[in-house]
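According to TrEMBL, the protein has these features:
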{"type": "COMPBIAS", "residues": "1703-1721", "note": "compositional bias 'Low complexity'"}
{"type": "COMPBIAS", "residues": "1722-1733", "note": "compositional bias 'Basic residues'"}
{"type": "DOMAIN", "residues": "109-211", "note": "domain 'Ig-like'"}
{"type": "DOMAIN", "residues": "220-300", "note": "domain 'Ig-like'"}
{"type": "DOMAIN", "residues": "402-495", "note": "domain 'Ig-like'"}
{"type": "DOMAIN", "residues": "500-580", "note": "domain 'Ig-like'"}
{"type": "DOMAIN", "residues": "590-675", "note": "domain 'Ig-like'"}
{"type": "DOMAIN", "residues": "686-780", "note": "domain 'Ig-like'"}
{"type": "DOMAIN", "residues": "883-980", "note": "domain 'Fibronectin type-III'"}
{"type": "DOMAIN", "residues": "985-1084", "note": "domain 'Fibronectin type-III'"}
{"type": "DOMAIN", "residues": "1089-1185", "note": "domain 'Fibronectin type-III'"}
{"type": "DOMAIN", "residues": "1285-1363", "note": "domain 'Ig-like'"}
{"type": "DOMAIN", "residues": "1379-1473", "note": "domain 'Fibronectin type-III'"}
{"type": "DOMAIN", "residues": "1478-1574", "note": "domain 'Fibronectin type-III'"}
{"type": "REGION", "residues": "1638-1660", "note": "region 'Disordered'"}
{"type": "REGION", "residues": "1702-1733", "note": "region 'Disordered'"}
{"type": "TRANSMEM", "residues": "1588-1608", "note": "transmembrane segment"}
């Protein structure tokens, strides 16, 4: 939290300069002395900061050659070193690093840097005992001296690394747990492998054994337990608790005496209790209770969970002003126990008059009246038990003098009119604002309302509100902003209307040389002007005077004689009328001190200093200060002061060093205070306080060469060095580095003495006063005893003599001592050792001789050199080498023509095993005829012996080699080989692409001599070899059928290259694969349409179509070109003829299009295989053009002076008809131009009046669009007449309409007298009059209305208009469109995932087919899926279907009327069948006492991938099955089985086609690997079986009966469904065949009803019987039961022909036919058919 007294302080960005930490959590670095370490500085800055390293004591880091170096980038490097060069000051100390730039300086937490030596140590594992079924615990015992740096990395069992899992567990603390101990566990040896964290050295322990005992009743025994611990929150901990005993003890965990609550973070494992993501509330006392029926034990421990320290310092990056009061708060989270330390710019903060540290934990830092030097980086460190956390803040203090940033302007207001003034200022700290009116403070009262507030950015805003101003409230308003750094002000006049007057003005005192403002305090408004006068003269009269518009007078550089006097303010309020007010200005002159200097002097001399004031008003007071403090004259100070009226002198009778300092003369009067300061320097020549003396220093330690001087100015000390111990030849300046520094008292500090530092040193001092002084000395460097040369490691051969040498140097005498391990070697008592000493110059060479070297000498030897100044040690690891022991050989696995051997190398002779040799021979042969496998890699502990003969007995032995020699032979083994898998691949593999997604593979069996048995089947591997493929083979499997084989690969990618290999397998396994052969699937049509299809209409008959290529991956072949398919859409909904244009470009121009016509456009790409998918339909309309002529025109007289003209619209309107123009002309009338008449486009007739009777007229018409007038129609001639024969204005022609719609056929007529209208419909040989009924109506205007038209309403209709003068006729051809007929659907081809269908469309129903709807579903479901297919397609492939599955498919066509009838439902099945287990394959691969391996490769997929593999197994004689689901299809292991137990096994494999089952029995072996006999029924067990059979038989019979009934009902239902489909198809086919006959019969029926009523019923019966005969003949040939669907079809169709009794007859026929065809022989059916007919 950050506070500022009296106002708030704001945080701002301190700029682009910043500091940061790269790795603030780094607090400990441990490294190996033989490797060294390089440590980057954890701190940094932007811009680049200066990085420095220090010791925790604050001492600078200096470079020590070959030991320590700080790089220019701030990286601290500690080089590898020998033990004798160890220096705890360097190699085991606390360091920290700082980063410094303009923002400040920060330091890292202390970093403990510690070097670790290479120490001799051994690890071991103790033998353990455990009962069978219990847990065994092995621990790796590591010496305490290196336990911190050495950890267990792995465990080995017989030299093979143990992989955790099953019964073996590795704990986080390095122990090995073996659960459910078995007797075979005692046959192995167990070793732990450790690794040194820093040196990287690994160690292998001895081999430990496990003794396995038979279970015996005993109380629990704790094998491994836990102790108290402290961890950080978020970590995990493992609390071990393992116990042995019999019965196996149960474990119960308690926390603070209570059972553990349920928490997902707590996991109980074999190894104990694991707690992850620790929290503070996990702290407490944990207890583990182990109990069995013979007793209990308990272990407990305390767990402390603490949060890591986290520090937050606020505020951050603060910029504020000088004199602010700051508060820093250091918030610490985590452990409650910590200490806080404060730093500024890496220096500890010491409380003083400005700084105080407060709070219970010193967590608050307060800075009062902050000054510029308080800027910088502040850090708060919190520490607890070696862990430190910190945070820092950058503070910038600057001059915050206020400035006015926003103000008010001059204005005029009326009395009572409120106004508000605002003044905003900014500064640091934020200023406060005060207001004055004409130099008088504005007091808050009922008239003035003031307010002030500070915004978050530090801006102070103040308002003055005057709610009801009076004249006296006018004047000059001033706002003044002040803070501790200074002030700023602003003023402006506010005029309140009213009689002007001048407020009384106070006299002013001005200071000479400064500026003075005089305000004329005018109130009221308006006034004309404000003038200032002095001595009768209007101002300004010189350059120092300025009069502002608001009436303020400014006097610049005020002068006493010229500016002092009375000033008159004159305000002109009316012409010739003014008001006046005077003010007197008094000028005060400040003092002026005449400059002076103080010369330097020396001790004991006199000093006189005079301070003279040359000008200023009296009285003047003069005082003296020294270094800011008032000088008090007297004997104590040795100074006398004599002061007169305008002069003062300072006298020193005897100058001493204490008189050095800055002397200030201060003069003051009523006007001002001035000062003059100068420095007095008292010089003293240098002299020695402590003289240098000859000195001894120890190599590698710190040394100080004393030399202390004094004088003034303080002397500068310089050290020089001359090498050598004789007379000094030439001195050179000592280079000052971090290692060598001059101390503040002048002494020379050498932090790390080196041998080169010996010689003469000269201490020289000077300060420019008198002569320089100097003194020399000799530095002697004493060398402690150190080992300079020794072998780190060395080798010796067993039985030979070995010498170990150690070279030491240092101050004599030197004693060298030898140790073997931790034991001092006494050569006198042990004759195998001898020690000799030789001196060579300043070196001492000691030799230890071993004669002879033995295996036990493979230990660490050390030589110790000792003198008076120190001790050095050299560590030598001696390894005694010899030929290895022979390996312990065993056979792990024997195969057909190979065997797998494993061995354990007990002792390698302390020399790396270089190779192994294995020798083998036929058992009957001698070793002279052996075979050898030589130079086996030493990294292997097992090998495969290959090229053996199947079923042959071999003898095997083995040797191991190292650099020393060969071991003795191992124990001889005898084994027999097994059968062999095929050795050769299939031959003559040929690939032949069949389709775009299938390739046929043919091959012949491998060579006979390479088959190694009967070939049972083949595996075909195939993979795509194109870009982006994963390169993995997909595998299919098939049984062998003979010497030549063939297989077709389906569901491949289109037009893709595939590589295919084939492998043969027999009972023993799979042979090698054939060479990969590549083939490419055939091309297919593109699966995606061209992209970005666009259409642009260019003219009325031309359009441009553009597109871009489909995605390359969807072409499925070589792109041959594009095809543009387009057709017109007519206004009546019909489609025009489908056209197409082929091109290789991505653009095509469509020319010759119909004008002003809608077109549908699709674009497709095609390959060699055919056309691809069409693009979405794109609609385009050609532009308008001139219309064609009207399709027909009629003109008939309607009266003696008028005619009626009618016409048909143009066949090609070529646009929207806007109007029609009718032309009328009379030949011989003399008129050059015909008369024109306009008609609306909706009207197709027009009456022309005012014509002459008996005169002929030519009439024609033309249509008009926006493009203009079209061609004219044919001309007709008409003559008006009084009596008009009947004429029809309407036109005949063809009318097309969808069925079930209302159709109006117009027949408008004219004539006098009025004609009568009659409609007839043409039949085969006569015309049938049209009579009105519920479906037909003739309107008064002659229009024939047909409602709900059907197909039978199609035909020619004739309208006849008749009157007494004549008649007229028109013929209309009505065409009724109906839904299309059903297509004929067939299955073309099938594959494992697709069905290809083909069809032949039926009749289109009078309207073009617009597409097909394909529906399909799985056979046993009714969930149909729809697929819409283009009208041009005649085949379709259903993809992504389930393998080996029956599907139902049906198809319907669709035209503009709607969807037609559905085709016959057909059924098809994709390729594939359910999985089957290959009986030639073994079900079980291997079995031991607790595991069984299952061969899942024995399952053949049946062509469909296996999706599920489920297993159930149980011990024989038990009820409960154990279930297991397999994810792999290769091999599966059943674990945790009972030893020596028979098991029942059920396997079930499923794919999309179904499931296959396989059952088996197997028995596990005994613990020693022996098999057990089959289970034999004991006496008495048969009774239980009989009882179980007697109880279970009825249940089983009932279950079987229910299941059988269910199966029968299901079969019947399936047959009924199939017959239903057949019946429906048959009925629909019969209806379609008889449709024409029905239509014809209906026409004949109507004709007969009009003529001969009696013949109507007879003809209907004949037609009805004919249909029955046809139906019966079909049914008798195809016996299909009739159901409601068939009955509905007949009762819907046939009663239309015969309404009287037809429904009853149809029902009778349907029932009889159903009975006839249900259960009868063909002969009986024929007889019943005849009877029914």
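Each residue, glycine too, has its Cβ placed from N, Cα and C.
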| field | Secondary structure composition of the domain 'Fibronectin type-III' (1379-1473) [DSSP: H/G/I, E/B, coil] | value | 0 helix, 48 strand, 47 coil
| remark: Checked against DSSP, the composition of the domain 'Fibronectin type-III' (985-1084) is 4 helix, 53 strand, 43 coil
| Do the domain 'Fibronectin type-III' (1089-1185) and the domain 'Ig-like' (500-580) share at least 3 Cβ pairs closer than 8 Å, excluding pairs fewer than 6 residues apart in sequence? | no
| request: Please figure out which one of 500-580, 1379-1473, 1478-1574 racks up the most CB pairs under 8 Å against the domain 'Fibronectin type-III' (985-1084). | output: 1478-1574
| said: Please count the residues of the domain 'Fibronectin type-III' (883-980) that DSSP assigns to helix (H, G, I), strand (E, B) and coil. | reply: 3 helix, 45 strand, 50 coil
| task | Take a look at 109-211, 500-580, 686-780, 1379-1473, 1478-1574 and tell me which one has the most Cβ pairs under 8 Å to the domain 'Fibronectin type-III' (883-980). | result | 109-211
| message | Restricting to CB pairs under 8 Å, which listed stretch, 109-211, 500-580, 686-780, is in contact most with the domain 'Fibronectin type-III' (1478-1574)? | response | 109-211
| task | Give me the mean pLDDT over the domain 'Ig-like' (220-300), rounded to a whole number. | result | 88
